[in-house]
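These notes are about the structure you will find just below.
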Amino acid sequence: MATNESVSIFSSASLAVEYVDSLLPENPLQEPFKNAWNYMLNNYTKFQIATWGSLIVHEALYFSFCLPGFLFQFIPYMKKYKIQKDKPETWENQWKCFKVLLFNHFCIQLPLICGTYYFTEYFNIPYDWERMPRWYFLLARCFGCAVIEDTWHYFMHRLLHHKRIYKYIHKVHHEFQAPFGMEAEYAHPLETLILGTGFFIGIVLLCDHVILLWAWVTIRLLETIDVHSGYDIPLNPLNLIPFYAGSRHHDFHHMNFIGNYASTFTWWDRIFGTDSQYHAYYEKKKKFEKKTE
């Protein structure tokens, strides 16, 4: 009975979304995107698309999303949004981070990306435009990937903080007590593999088109660079997402080294009480600010 009710609710919700979608004006970018997509399919092999296409998407998005935070350090007005104001970025740290990123991206992540083609072939994942999912199904699957990744990240991240293994792996990521956007993927190679597994679990379970790979990469990079940005920007649209952790939540993890282990959402930290020091810190800070007003 419960299963039938769940299916009925899902079907009703799906029909409602489809109805709303039918009322929306036609997307003027759809035709150019369709032409570009078909051009790609006609001029490149699936291996080239899945491997080199995925690498280009990752690198272009990663450094594009890092750019605003990088520029903020040169804009005096933005300093008031810096979370740890006493720890500005340094050229030395950023250059060190950039070099490690290049190694991780091309020596660790690229071999993993090469497996994307074989994954799509084994599971018969389509590439063609005709079978590309509607935007609402794509968003729903990306949300599912985010929930899965966040769950994996919370427990594996917490494990990496265990006193017996922290200094061997996760300590690398904590070299910079005040994070900055480019540091999001600054990590020990083993950590890249361990925490990165959470990214792929959702893909294996939910992928129904190669576009999901790139959509999920886009959302995951946007989120992880945002929480590592070191800035709490007002009117950040990501903060509209229910239970979204945000930059202040993860910045405290880097400052305190303990607690706030989740990557995207706040529920696991809330359930296991690993956000208690975070809330106590900001309550104390609010009281102090009121006294000094």
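Quick reminder: no glycine exception, Cβ is built from N, Cα and C everywhere.
The model shown is predicted, which means the values in this text are computed figures rather than measured ones.
According to Swiss-Prot, the feature transmembrane segment maps to 55-75 (among others), an assignment based on sequence analysis. Here the transmembrane segment (55-75) has Cβ contacts under 8 Å with residues 81-82, 88-89, 94, 105, 109-110, 113, 180-182, 184-185, 214, 217-218, 221-222, 225-226, 229-231 of the same chain, all six or more residues outside its ends.
Taking Cβ pairs closer than 8 Å, the transmembrane segment (100-120) reaches residues 46-47, 50-51, 54-55, 58-59, 62, 127, 182, 185-187, 189, 192-193, 196, 203-204, 210, 213 in its own chain, all 6 or more past its ends. Per Swiss-Prot, transmembrane segment is recorded for 100-120 (among others).
Here Swiss-Prot flags 145-274 as domain 'Fatty acid hydroxylase'.
Long-range Cβ contacts of the motif 'Histidine box-1' (157-161) within its own chain (Cβ-Cβ under 8 Å, at least 6 residues beyond either end) map to 169-170, 191, 194-195, 257-258, 261-263, 274. According to Swiss-Prot, the motif 'Histidine box-1' annotation covers 157-161.
Helix first, then strand, then coil: DSSP counts for the motif 'Histidine box-2' (170-174) stand at 5 helix, 0 strand, 0 coil. Residues annotated as motif 'Histidine box-2' in Swiss-Prot: 170-174.
As annotated by Swiss-Prot, transmembrane segment applies to 199-219 (among others), with the evidence given as sequence analysis.
Under the heading motif 'Histidine box-3', Swiss-Prot lists 249-255. Long-range contacts of the motif 'Histidine box-3' (249-255) within the same chain: residues 83-84, 174, 176-179, 227-228, 230, 232, 261, 263, 266, 275, 277-278, 281, each at least 6 residues beyond the stretch ends and with a Cβ under 8 Å from a Cβ of the stretch.
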Quick one: mean pLDDT on the domain 'Fatty acid hydroxylase' (145-274)?
96
Taking DSSP helix as H, G and I and strand as E and B, the motif 'Histidine box-1' (157-161) has 4 helix, 0 strand, 1 coil
